[in-house]
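Features reported for this protein in TrEMBL:
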- 1-19: signal peptide (SIGNAL)
- 125-228: domain 'Ig-like' (DOMAIN)
- 234-313: domain 'Ig-like' (DOMAIN)
- 332-389: domain 'Ig-like' (DOMAIN)
- 398-478: domain 'Ig-like' (DOMAIN)
- 490-512: transmembrane segment (TRANSMEM)
- 517-550: region 'Disordered' (REGION)
- 523-550: compositional bias 'Basic and acidic residues' (COMPBIAS)
Amino acid sequence: MHLLSALLAASLLCKVADLDSVTGLYGQTLEIPCNNGAVKMEDILLVKWKYDKGQGKPGDLMVLNKGHDAVVSATDDYKTRVSMAKNFSLLLSGAKLSDQTTFTCMVAVADITEYPVAVVIHKSPAGVGISNIAEALEIGKLKKLGDCFARDANPAANITWLRNNEPLTDGKGISIKSSVLVDPDTGLSTTMSTLEYSALKSDAGAQFTCSTQHLLGEKLVSSPVNFTITYSTEHITLRVSPESPAEGDNVTLTCEADGNPAPTSFNFYIKGEVVKAENANKHILAHVSRNTTGLYKCSLIDNPLMESSRNISVNYLDINLSPSGKIVKHAGKALNITLQIDSSEKPAVSWTKEGVKLPKEPKFANLTYSDSGVYECEVTLKTLRRKASFHLVVQGAPVIKYLKKMDAKGQQIVLICEAEGSPKPVVSWSINGTVLNETSHPNGKITHKITVTPSADMTVTCTVSNEFGMMTQDLNVSSDPSGKNDKTQMVVGVVVGLLIATLVIGLAYWLYVKKSKQGSWKTGEKENGNSEEEKKLEEKGEENSQKAEV
C-alpha cells in the first residue's frame, strides 16, 4: 500500500502517451490494449486501469501490483464487467454506447507512463424494412410509396432506395426524405427514409427495395414490394380472330385498352348498329358469310371518340362442275368439262382420276376406253375446300387389237386375243381349248388366253361381242411347231354378212340376165328400159363384188 500511495503521488509527474482508439461491437466483449501489448511482466511494478467519467473526473477500474493478482477497484456498473488479460489489456464485456469514453492504462516501471485509448462502439441495424406501403401508384403524380426503417444502429444507418436493384436519387419524379430518432435509454439510432415517387408505365411489375450498409456489418436489404400502376386509357385496339375468316366461321371481335384499371365495357359498331358489351370486351359474329365483309369498330362507352376499326374480309368459295354424276359416252366422241368457280380470291385447283393425281385438268377431244373412270376436282382457298366429281363411262363396239399365238410345252400353243370395248366384250373361240386367264377389263381392254394342241393345220377364229357390235379375226394355226404356214386374216363380222348378201344379189342378177336373153316376148321399149335396169344392177353388183373382195 505504501508503494501504491507513493506511485499515486508520483503520478502527478507521469508521462502521457498519444491517444489511441479502438472500436468494439455493441453487446460483445471489447479488448482495450495497454500500450498495444508492449508492456513486459518482469519490468512492471504496477498496472492500473481507469476511465473518464466525464467533467474531468476519473473512475478506477482495476489495479495489478507486481507479484499479486489483479484487483477490481470499480464500484459502479464496471464492477462486474471488467477483467484483465495476461498482456494487461482491459477486457470489457457487454459493450454499451455509454462505454464510448477514454480508458487509460497507467504503467509504473522506473517511471510512470499513461496510455489513453478512446473507445467507440458500433452496432448494425436490427433490421431494415418498408412500412406504410401505398396501395397503388399513379402515372405522372408524385405519391408516397412507403417508409423504410433501419432500427437500433450506431452510428445511425444511411438508407438507399432501389428500383429493380438500381439506386434511386432525388430528382424528377423522386423525393427522398430521411430522419433519425435516438433511443434515450440505449442511445441507439433509428433511421427512417420516406420515398415519394411518380410512376411510369414501365413500373408495372417493378420491384422496390431499400438497403443499408453498416461500417462493421454486412449489407441489409428489405423485402421487395411492387405496386399497381394506375393510368388513364391512351390507346384502344380492335382485334379480329381468326384474322382471315371463311364462310361459316365464328369471328370474335376483341376490344383492348391500355388503361389501368382497364375499361370493362365497350361499344361495338356492327353494320351501322351500336352493340354495348357490359363488363366484357368481346363480341362474336356467328356463322359469318360473304355479306359480313365490311368495316367494324369498337370504342369506350364513356369516350366514344377513342375508337379502333378493322376491315373484315370473309373468304368464300363456290364451284359448279358440269356435267357431273355418271356420264356415258361413245368412244371417239368429244366431252367438254366445265368447272365454274366463284371465290373471294384465286383458289388452287387439283384433279385426280381413280385417286391418282393428274398433272392438269382433263380434256376429252376424242374419247377412248382408257378415259373411263371416276374424276374428282378439289378446289381450296385457305381453310375452304370444295370437291366435285363425275364418273365417265366410255362405251362402244369391241375391236380386236391383236390375235397371236405363242409356243408352249410340246405341241401346245397359247392363243392370245386382246380387244377393246365397253361394256366388257364376251370372248369366244372357234376351237375348244383350255382357258389360261382373262383380264379384268382395265381401261376397256380385255386379254383372253387359251391353250390348244392342234393335230393338223387349222383356222382359229376369235370373236368378241357386246351390245354395240361384234368383231371376228382368224388365225391360221399350223401343226408344224415352226409355224411357217401361219397366216392371220381379219374379217369383220359386218363385212362377212355384206359379202354373203352381195353373193346372193350377184347370183340373182346372173339368173335374171340369162332369162332375159332367152325371152322373145320383150319389146324394144321394154328392152331399152330393162337395159337401163340391167345396167344399174350390173353396176351395183360390181360395187358389191368390190366390197366382197375387200
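Glycine is treated like the rest: Cβ placed from N, Cα and C.
Values in this document were obtained by computation on a predicted structure and should not be read as measured data.
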Task: Secondary structure content, the domain 'Ig-like' (125-228) (per DSSP, counts of residues) - done: 3 helix, 58 strand, 43 coil
Open item on the list: Mean pLDDT for the domain 'Ig-like' (234-313), rounded to an integer?
Closed with: 94
TODO: Could you break down the residues of the domain 'Ig-like' (398-478) into DSSP helix, strand and coil, giving a count for each?
DONE: 3 helix, 55 strand, 23 coil
